[in-house]
């Protein structure tokens, strides 16, 4: 039998020769991207695989340079440096040939992505930087600016007929406060004017449209039994009996026209479950409305511990009359309820445009009135809301005293209101620059006018886009009253 001959051992593999890595390439002032050839290697004992590895390494270098050039053209230096950091982190890891192919795939995707869209730069937009490479100029941003002072004050001197005692304030809702008199930073008792907040909250929780009657309230035995004690305190009341039924509308009429203290308590318990919980909500709403000097202790105002100021009450009045049902309610001179016909205590209704809101009078509060009125100025219907507090007199003369003071104040305010021209149509008020054309002067498309009074200060503001510029007129509290288009020519 032939004898077996041992196979000759394979020749030892030649030692690997480290190829000299090409120098990193710098461009556009960015940190050079490292060479990634060293990331791809193969055992020298596989010559064919080694040749493939060499070709892959060369492809990586070529793609790296192509990607770098494209990134430089687009100004994405941050991306370039991030690629460099990632490659540098991976240099310490021995990556297989297939990993090198993955690097090529990522690089190719970057190159294709960056080259797929049209260039956003052009020769006209480019400039040469200090390093000799092109830089991309930022596009011009249109700029709209005023060429006139940003405030306008209605000329003249405002002279209002303020009461000689107590507090007073009057405002045009949506425009601002004409003024105030007396210690309006000090809260004082407001008597039944308190019921304005009671009605406002009831309608917030149980809203009614004009003409609606709403749900029914049934008088409890306890509510009926409380009537004799309330009469002994000389409170303002409407008669109620156990089991008697009031619609929400009738209950609110008893509250706001007849100023019924007992109905304020009945409504509070119906709405919140108890009088104390309702009072908590009254104070929360006062805070929401910005009535910083106001504190309610009960829903009727009978006690002297419910306090406010004239300026705070103007805020409440402005909010309340935005409810159409409320506005109609306080303008009623009389109503029919289960106990009979009641009349509104506000004797000014229908005079000098007065259409609300609520009277109040006690020994500790004096005569009080929160009022609203309408007037016409240059064809525009204007609303006025004001408050007069603490007018002197006895229980029978307090209300006549506050009515007289209010009538004088309203008449003087009506005389002070006028239509004013804020900016004439022909006056250039703004300029538009940086829109690609020469700077353009802009003027209002029509004269900017509004109803105001001497001393009213308005703010002017140029706003909008290059295609749709406008001049805004703002009130002292920042509300926009007018936005007039601006045109060139």
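Think of each number as a place in line: the chain as shown, counted from 1.
Cβ atoms here come from the backbone N, Cα and C positions, even for glycine.
Where the annotation comes from TrEMBL, it is an automatic prediction and has not been curated.
Listed ranges 46-68, 69-91, 92-114, 115-137; the one TrEMBL annotates as transmembrane segment is 92-114. Of the listed segments 448-468, 469-489, TrEMBL assigns region 'Disordered' to 469-489. Annotation note: residue 259 (active site) sits in a coil segment as assigned by DSSP. Packing around residue 195 (active site, proton acceptor) is summarised by its Cβ count: 29 other Cβ atoms lie within 10 angstroms of its Cβ, all protein chains included. Model confidence over the domain 'Peptidase S11 D-alanyl-D-alanine carboxypeptidase A N-terminal' (187-376) is summarised by a mean pLDDT of 98. Note on residue 192 (active site, acyl-ester intermediate): other Cβ atoms within 10 Å of its Cβ, all shown chains, come to 27. Helix, strand and coil counts from DSSP across the region 'Disordered' (469-489) read 0 helix, 15 strand, 6 coil. DSSP classifies residue 358 (substrate binding site) as strand under the three-state reduction.
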